[in-house]
Every structure is written in structure tokens, then in C-alpha cells.
Amino acid sequence: MKFGHILRFNVVEEWRPHYIHYAALKKIIFEIARLEQEQKQAGAPEGHVLHTDEEPLLHGHANYEMAIAHKENELVAEMDRELADIIAFTLRKEAEMASQLESLDLEVHSLEKQQLKRHNSGRFSFEPPPGLPTLTEEDGLLGMEDKGVQIASGGGAGDKTPLARATSATPNLDPTGASRLDTLEAGGPPLSPLSRTMSTSAAAMRPERIRIWAASKKAANRRRSLGHHPHHSDLQQRFIELFTGLNDLVEYLQINREGFRKVIKKHDKLTSSSLKETYWPLIEERYPEHKKDVLHHHIDRLVDLYSILYENGDVAAANESLSQNLRQHIKVERNTVWRDMVAMERRTVAATVDAGPQVGGRRAWLMANKSTFFLLLCIGTFLGLLMADLFEEPEKSNCAALLAFVSLLWATEAIPLFATALLVPPLAAVLRVLVDTSHPNHPERMSAPDAANAIFHAMFSQVTMLLLGGFSIAAALSKHFIAKQMAVAVLSRVGRVPRNVLLASMFVAAFASMWISNVAAPVLCFSLFQPILRTMDVTTPFAKSLVMGVALASNIGGMTSPISSPQNIFAIERMSMDGLPPSWLSWFAVALPVSFISILACWLLLLLVYRPGLTTMEVRPLKPYTDPMNMTQVYVILVSVVTVALWCANTFLQHIVGNMGVVAVLPMVAFFGSGVLSKDDFNGFLWNVVMLAMGGSALGESVRSSGLLSALASNISEQIAGMDLWTIAAIFCGVVLVCATFISHTVAAMVILPIVQSVGEAMPGHPHPKLLVMATGLTCSAAMGLPVSGFPNMNAVALEDGTGQTFVGTLDFLKVGIPSSIAAYFVIISVGHVLMQLVGF
């Protein structure tokens, strides 16, 4: 494997800036090699004709010599800087870890005092080994400080007592039993007074200390409570983390030294000069190789202390126990990087595996050609409806055929959803489904050119701008780690109890959906929880409940704000048809309580179905980010807050800005104009969703302009005549819930919301079109019973571990998704219905 790959895959992520910049140094070497090659070409014989791509950039031998010398000096200067940084970082980290070791030593010493106090009060008892004095308050560990003997704490007078003079030092051993103290004292770095004390007095008292902790463990086992006992997992975790850090620093020294060797080797291989004879001796002289011995000494001390506390003095067992944690730590982190890199390469190359020909009769043929079969079925239905003349007016009949054709294509996904959406404008123009109503008494069917202009005009509406504005905010919040930092800040404070972590994760997913849409929120949350999920098997109940919880909460989070999902944007557009769009505050007043209650219901269902606390006692907490917020992040937050505030005040600013689509331009200009987002970020938007929304707007305009919408509304109004508002809302929400479960939420909203709005306007007495539209719009997000029901479900069912196994499947959605959908449905038609009436919808 190339060293660049080894370096990339094996670094400690937090230390990445302090590793050798191998790629940058190689780039300089390649420049030197290129200049030398051009120098040779410039000095070619007269008869040699250079091709265009061989034409040198510099002319003259002296110029090349100067350029090569400049690059050589640049390479040496860069290597000097790299070496200085590595030396400084190593010294700093070694000092930090040494300080942590001393702190740990002192804490253990303090705990030993507590054990003696318990011993003197009769809490437990033990007999001292022969030849050692009995430890008491006056003549034990407490008294030793006054006599000059200290157990693993500061001081250098460890040879002042007869005990110390009578007992020889027992050196700390590595797993093979060899001592490094002799090496250190002979030719290594000088030992600190504390280290000398550890090698004399503490070693002499080692058997007594082992008996203290053995007796303490027995007493703790009898009480069946660890309390403040040092066997508590927090103290043990500190041992593991320090052991891992020390070994990481040893590997850091090894890999960087190898990096310098590789750079020099590549330089000498590709260029005519040699650094092996001139620069490598300098590295041998200055590189802090001796620090590896110091680090190994720290490791030995740590292992010895761990053995006293946890392994009854068995150094080999302690080393094996800590090394197992080290191997697990390295394995998880390396696998994480490998999986991420492989996944990135697979996405880049878009590699797929051909399933190959299938055999097995008619059923196998249908499965292999399912898309073709559905496409032919949709086309046949479309042609049949065109010839049926369902209405007297040809535009209504053609529009009914168009509506059925597009709806069937969306439902079966015979072709991609956005491709179906792109079919709407040309079909609307060819079938001439639009009607010119500029003269109400004499409506006239538009010609194909006029219909084309009108339909393309309808496609670019405020729905499109709201989507793009929401995507811009989502891109900025995610690119600059604002959304992730906020999520981690919350999750790092919820503790380790699985049910609490699950509930917090669901609320984080819902809150993220509120501002970056429920399309992007699951992706963010799943990447956030990868450190947790990758340490668990796919069959672990907590892993399943976490993935399902994020999916369900993201679906429900699609209700929370007007930009949290595409269906909400369609709902806002339909609710604005009377020229009085709903305010964001009124939307929040309804959606937030409904979402909160629905998430709690889903959480209870997840606990009931999976019981995650039975197999997972604790969840590894996420570490919060400690980096200070930079000015770019402040700017992104400021622009986002101002944009949302303007959206909330849209009711009052409508006479100034026109509609919310105009406000949506603000974050786009602010982020792309300032360089916070780039052209690549713009190209990375979900343009398939944008095209789907534009096709939905075109279909809505076609159905409205042709008169089909009013005809359908009149027929439905006759069927529901005499029913009260709540019953009508419950019926429509139930129909939408079923439809949105089998087709996407966005498609269900595009097809059904215009009909619901027209029915609400046609209701006798005091109509409530906004109430019906918002209720059905919220119900679209509540449909989560199948993997195909929405973007969060699709992301959840596609989430895999490193071996390609999925965490959840269709059965999980049937067990949890359908009951959750029903629970959210009842919350909407009960609590939501009351709140919508209170806000005046």
C-alpha cells in the first residue's frame, strides 16, 4: 500500500494538522523532477525537434539551475518546518500525558487513604504480609508523607526510611517481563523525582497496595455497590484513554519518521540530487526518537498501576486487558475511515452490480421488467381516458387524462419522479388543457403557444424559491458544521441512558428538519450517530430503535415549519390563494404542539416494541466540539435568523416584499455572493426535488385552469353535504394518510391538496379551506408506514453497517411505522383541529 494511503487511514483525527504533510512535500519533489526534465529538453541536440507539449517554460541553463535550486531550498525549508512542528507537538503531548498520569497517580493515592480510613473504622480488614509493618493512620500510607515515603505522588525522598533502604526497587515490566528502567537510567532521559519514588518506595509497598484494593473489592462486592470505588467505569475509562493516547503518540512518532524517510527516498529517486547523505543525518540527530522510551516508561507505570487496582497485581493481565481496549479502539477508528473512504469512492464512481439474467417463469419476467410493464399500463390508461370523453369540454377531459397519467406514473415510479414532472408542461401544451379566463363571460381554450407560455410561467412560483432558499440555509448550516455542533451540544448533555438518548435524538432530528428540511435532516443525524451505530450489531434493539426514531422524528419534523418539507411549501401556496397567506407564527402555533405530542407517542412505541434498555445499559456519549465559533458561522446564523424572522413577519411585510418567495432570495444572495457557499454547492442542490415541485405547480395550474378542479370539488361537495367540519377533515386526512403511505409525501400533496382546497372553498356557510389544507398537509408528513413513504424512511432503510447489512427493514416499519402514523393522525384531527380553529384557519 502507498504510504499516502497509510498516512490517510491511520492518523489520529484530532492530530491530523500535526502529521507530516506528505502530499505537499511530494508536490514540490514532482516540481523539481519536472524542472530537471525540462532542463534536459532545453539542452537537447540541434537535430531534435520538440513537440508542443515538450516546449520548456524556461529558457537557458542558468535559469533552470536557479529554479531547481529555489525548489530544493523550498523543500528543505518545508521539511524543517514539518520537523519543528512534529518535535514541538510531541513534547507538548508527552508533557500533557505525563501530567495526566501524575494526576491519576495522585487520585489513586487519595483513594488509598480513603481505604485506610475505612479499614481503621472496621469497614474491612486484612493482614499485612510478613516483613512489612502494619499500616495505620500514624504509620501507614498517611504517615509515610511525613516520613518522606510517598506512594506514586510527588517527592524525591523515597530512601529516607528504613523500609525504603531495606527493600530493593521493583521495576515496572512490560508484557514480556523486560525492564526499561535500566535503559532509561543508563542512557535514556533522566527520571523525575516522582519516577524514582515510584521505582523505590512505591514498588516496596506494592504488595500492601494490592491487598488494599483486593480487600476493597471484596467489601464492595458484599455491599453490591461500587459507590466511589476506583473500579467505577469513569476511572477505568481514564486509564484506557490515557493508555490509548500514549500508544497513539508512539505510533505518531513512528509514522512521521517513516514519512520523512519516504520523502527523502522519493526525492532521491526522482531527482538527480541526494538528501539521504545531507538531510537524513539531521533528522537522526534532532528527531525525538528518545521520547518513545519515555512514553514506554509512562505506559509501564500506567499498566503497573492498573494491575494494582484491577488485576490483583498481575502486570501481564493488566497489559492484555488494556491492549484489548487499544485494539478495539484502533479497529473501530480505522474501520470508520476505511468505510467512509470506500463509500466516497463508490459514490464518486457510481459503481453498480448487474443482477444478471433471471429465470423462473412469468413472475420472474414481470419482476425484471416491472418498470416497463407499469409504463405500458400507464400509457394504455392515458390513451383510453383520452378517447373516453369524460366531460363535455375537451379541455376537462384531456386534463383528467393528464392527471390520471401523471398520478399513475408517480405512484408506480415507472420512470423517475422528476422525469414525470417534466412531462407535465409539454403534455399540457399539446393537449391544450389551459383556458383563457381574461374574459369571464367568454372563456376561450388557449392555443398551444399561449398554453406553453402560461404553463412555463406557472412552473416558476414562490414554491420554487422557497425550496431554493431553504436549500441554501440547509447547505450553509451543514457545510460550516453549525447544525452538527448544535446537535452534538444537545446530545452530549443527555447522559448515557438509552431511552433518554433515543428521545433526545428524536427531538434533535425534528429540530434539524425544522430548519434544514426533513430531506437533509436524516442524512445529518445518521452521520452524527455513526460512532454509536458502528460499535453495535445491526440486530441490537437500541441500534434499530435509534435508526427508526430518527426516521420517524424526521417525518414528523416535516410538519414543524413551512420550509421543513416540500409538502408544507405546497400547503402554504394553496393557503395563500385568497391573497392572505398564513403567518409563520400561526403555523408554529399549530405544528409545534402537534409534532411534540406525536414524537412522544412514537418514542413510547419504540420503547414498547424494541425495549432498547434491556440489552444496552449505557450509550457512549458524544463529545462536544470545543472549537470557538468563527465569524463565518456567526454570519450564517445571522443571515438565517434574519431570513426566518422576515418569513415570520410576512403577513405584515406582504405589501413590501410581495410574498415569501422574494424573501427566499436573501439567503441565496447572502451566502453565494459572499463566498460562504460555492458554485459546487449550488450544483449540489436537490434539483430533482425542485423539478418535482415545478412539475407539481404546472399540474396544479392545469387542473385549475381547465375547470377540472372545480368540477371535482363540486362532485365531492355533493357527497359530503351535511357533514360537519371535523368529519370532513378526518375523512380527507384519512385518505391522504393512506395515499401518502404508498406514494411519496410530496406527490400526495401535489395531487390532493388542490382538490382539498377547492372543496373547502365550496363548503356552504363559513368555509375553512385553510384548515383542511393544513390538516391534510400535516397528515402527508405523518404517513410513515412503509420504507417508500418519504425521504427519511428511504434513508433509514438504506443505512448499512460496514458489512452491507441494513439496520432496519420493511418489517420494522410495519411494526412501528404504521402505529406511529395512526397515532400522529389522531393527534392532528384532535389537538391539531382545535389549534387550527383557535388561530382562525
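Every residue, even glycine, has its Cβ placed from backbone N, Cα and C.
As written in TrEMBL, here are the features:
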- 1-281: domain 'SPX' (DOMAIN)
- 117-203: region 'Disordered' (REGION)
- 372-390: transmembrane segment (TRANSMEM)
- 402-435: transmembrane segment (TRANSMEM)
- 455-477: transmembrane segment (TRANSMEM)
- 501-529: transmembrane segment (TRANSMEM)
- 584-610: transmembrane segment (TRANSMEM)
- 630-649: transmembrane segment (TRANSMEM)
- 656-678: transmembrane segment (TRANSMEM)
- 725-756: transmembrane segment (TRANSMEM)
- 822-840: transmembrane segment (TRANSMEM)
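Remote same-chain residues near the transmembrane segment (822-840) are listed as 556, 586, 589-590, 593-594, 597-598, 601-602, 605, 726, 729-730, 733-734, 737, 770-771, 774-775, 778-779, 782, 784 (criterion: CB distance under 8 Å, separation of at least six residues from the stretch ends). By number of Cβ pairs under 8 Å, the transmembrane segment (372-390) is matched best by 402-435 from the list 402-435, 501-529, 630-649, 725-756. Between the transmembrane segment (656-678) and the transmembrane segment (630-649), three or more CB pairs separated by 6 or more residues in sequence fall under 8 Å, so the two stretches touch. Note: the stretches the transmembrane segment (630-649) and the transmembrane segment (402-435) are not in contact (fewer than 3 CB pairs below 8 A, sequence gap of 6 or more). For the domain 'SPX' (1-281), the model gives a mean pLDDT of 63. Outside the transmembrane segment (402-435), and at least 6 residues removed from its termini, the chain residues within Cβ reach (under 8 Å) are 371-372, 374-375, 377-379, 381-382, 385, 394-395, 443-448, 450-452, 454-456, 459, 687-689, 691-696, 698-699, 701-703, 705-708, 742-744, 746-747, 751.
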